[in-house]
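Enquirer: This structure is in structure tokens; I'll ask about it shortly.
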């Protein structure tokens with residue numbers, strides 16, 4: 001029954017990954033902790049499961065032409081390096097405190113994606129939500145210097161993902177859609193591929209610190225892969241405006257759960 005529950009929990013997490021490109025950490029970590037795992041073992045298993053599920057989800061999105069690594073590979077490189085640092089910092093931090101801040105980020109992100117879904121006309125067919133000529137200020141500086149901004153933002157994403165046990169999908173998706181100007185579908189597909197490398201790097205770091213029990217990590221991965229594959233196909237058949245609102249709703253729910261400590 002223990003392993004069945006792990007697989008069910010992970011299936012739910014994978015379904016979220018396939019639909020909106022977010023890491024399953026908000027489901028897997030509290031779920032495994034409730035089943036008796038230590039927080040740090042749960043984080044390691046979450047990263048392992050994220051890595052495999054993200055590869056499957058990214059492959060599904062690529063079949064629909066929603067994978068674009070023109071700036072994404074720089075974020076991937078930075079996030080892999082940052083994840084190593086974050087995974088070694090994680091065991092030295094208190095188990096409480098970070099989740100609430102991440103929950104606030106999710107709520108803000110929810111509002112941004114809901115607004116984007118409500119402004120379907122602003123999404124351009126050539127693949128950018130807004131062109132470089134339409135943005136100003138700091139955002140324009142970031143978009144005009146994609147190599148530097150992509151690498152730096154990637155490192156920051158990696159550090160946070162290594163600490164939280166997340167693959168960084170939420171933050172990568174935000175960068176791709178609102179900084180780099182990707183469409184939502186394209187952002188989800190690309191962020192999951194980047195998340196695969198980030199999560200794999202973080203999982204390796206947790207393995208080195210002894211926080212990756214494979215008897216738990218394997219059923220976690222099986223559940224996330226199945227869930228991710230099923231919902232990724234559905235997401236790719238959903239139009240851009242609707243997907244933006246779906247992302248916003250799920251982010252809002254996950255953010256509220258993290259802030260109010262459900263499952264902790």
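Backbone N, Cα and C define each Cβ position, glycine as well.
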Enquirer: Which one of 188-209, 210-231 shows up in TrEMBL as transmembrane segment?
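Expert: Going through 188-209, 210-231 one by one, TrEMBL flags 188-209 as transmembrane segment.
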Enquirer: Ranking 7-33, 39-61, 73-90, 241-262 by Cβ pairs under 8 Å to the transmembrane segment (152-182), which is first?
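Expert: It is 73-90, which has the most Cβ pairs under 8 Å.
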Enquirer: Please check if the transmembrane segment (241-262) comes into contact with the transmembrane segment (39-61), where contact means 3 or more CB pairs closer than 8 Å and the residues in each pair are separated by 6 or more positions.
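Expert: Between the transmembrane segment (241-262) and the transmembrane segment (39-61), contact is absent.
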